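A quick write-up on the structure given underneath.
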Amino acid sequence: MTVDAPELLEKLRITDAGANGADMSSSTSAAANGTGKEVDDGSDDDGTENPPAVAAEHSTAKKKKNKKRKPKKKQPKVQTDPPSIPLSQLFPNNSYPKGEEVEYKDENRYRTTSEEKRHLDNLNSDFLSDYRQAAEAHRQVRQWAQRNIKPGQTLLEIANGIEESARCLVGHDGLTEGDSLIAGMGFPTGLNIDNIVAHYSPNAGCKTVLAQNNVLKVDIGIHVGGRIVDSAFTMAFDPMYDNLLAAVKDATNTGVREAGIDVRVGELGGYIQEAMESYECEIRGKTYPIKAIRNLCGHTILPYSIHGTKNVPFVKSNDMTKMEEGDVFAIETFGSTGSGRYVEGGEVSHYALRGDADRKDLTLSSARSLLTAIKKNFSTIPFCRRYLDRIGQEKYLLGLNYLVKSGIVEDYPPLNEKPGTYTAQFEHTILLRPTVKEVISRGDDY
């Protein structure tokens, strides 16, 4: 719509030199240029023909109008402590930080400059954006956890703090049906002390308190759109455990460094074992060789499924399976001052719906309703009892055990080394992109 500002101004001067005319001339002039500012009518008139009262009233109107304008709310630029601002506000263009990019070696070196491979890489923009958002959430949450986890805290306090922040950063609290499938926890936060190797997360009512002489493994999974970032670290508060942690960190970094397209996983396990078992650790005057836990493996990650079909052993093996373009691997290692083997046992906290389960008729009504809730809120993403509590499930244990016995839900008991031993874990998620290997979870901390 076009407005002839000079003509309007002339009419206003003729009909009314009062406040209404001045106010209307201001507003219509602003409308004419679309900016909210007055326009020049092209005359040599300096405005002296307008009575002073009109000019004063016009000025007052402008001031009043300006007072009504509320300044735009600025987006926060700095994360809070603990982290609570969604990453979408810190990275408004969804341009999340890349992980560590590493060029392939030897016969795959050409991939870095191949136009064909670059094109394939560009087709994965949504995939990479989801993974990088989950990875940035992981870095911010875990670095806060590393600064704040202290002896004297309960495992429940630690787990709830980590998970609350993770959900805030991805912008989905998981309290409405299906919300946690958009983004949220990739699996229950593992808080495994001393000889407990993996798969322990505190259930409601857990009273365990972290002690000064404990070795704590913190395993966190965060997903966006089903793209799970799986990364873990170990904390100890007594320097006598330093060599144990150093051995496992070195082994994980070795696995990350040697992994790549066409690498055979059995050979990769040999590199990991060699790095791990070159260390020993003196604890209370006794020296222990660090052993790789040989009946555990790293693994591929699939959408909405933390364990894929390929494994990466921690020891040399004859497994000729090759890593391939497009694979996503969790390269993790566990070291121990004990036998180097785990056994299952203890109170179960981790569960997951089996993707291949036969959906047989369930005679127990509580099992049927629980299964519906699991499907709608978690699908095949692992969950724990605390997560069922959060979505309002009550008196579900009988139904949950029934689903486990029916083979529809898998339970994952804690994995334990011998009592009195100590274990450590470090883990990264890597993407075998067409052009480069991206260590998506890499951070300044590890």
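Glycine residues also receive a Cβ, built from the backbone N, Cα and C atoms like all the rest.
Because the structure is a prediction, the values reported are computed rather than measured.
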Exercise. Per Swiss-Prot, which one of His199, His299, His350 shares the divalent metal cation 2 site with Asp230, Glu332, Glu427?
Worked result: His299
Problem set entry | Among Asp219, Asp238 - the residue Swiss-Prot places in the same divalent metal cation 1 site as Asp230, Glu427 | Asp219
Problem set entry | Long-range Cβ neighbours of the compositional bias 'Polar residues' (86-96) (under 8 Å; 6 or more residues past either end) | 75-77, 79, 129, 132-133, 135-137, 140, 168-171
Exercise. Given the binding-site residues His199, His307, which one is most crowded in terms of C-beta atoms within 10 angstroms?
Worked result: His199
Exercise. Here are the binding-site residues: Asp219, Glu427. Which has the lowest count of other Cβ atoms within 10 Å?
Worked result: Asp219
For this session: Provide the number of Cβ atoms within 10 Å of the Cβ of Asp230 (divalent metal cation 1 binding site), excluding the reference atom itself.
Result: 28
Exercise. What is the interatomic distance between the Cα atoms of Asp219 (divalent metal cation 1 binding site) and His199 (substrate binding site), given in whole Å?
Worked result: 9
Problem set entry | Secondary structure tally of the compositional bias 'Polar residues' (86-96) (DSSP, helix then strand then coil) | 4 helix, 0 strand, 7 coil
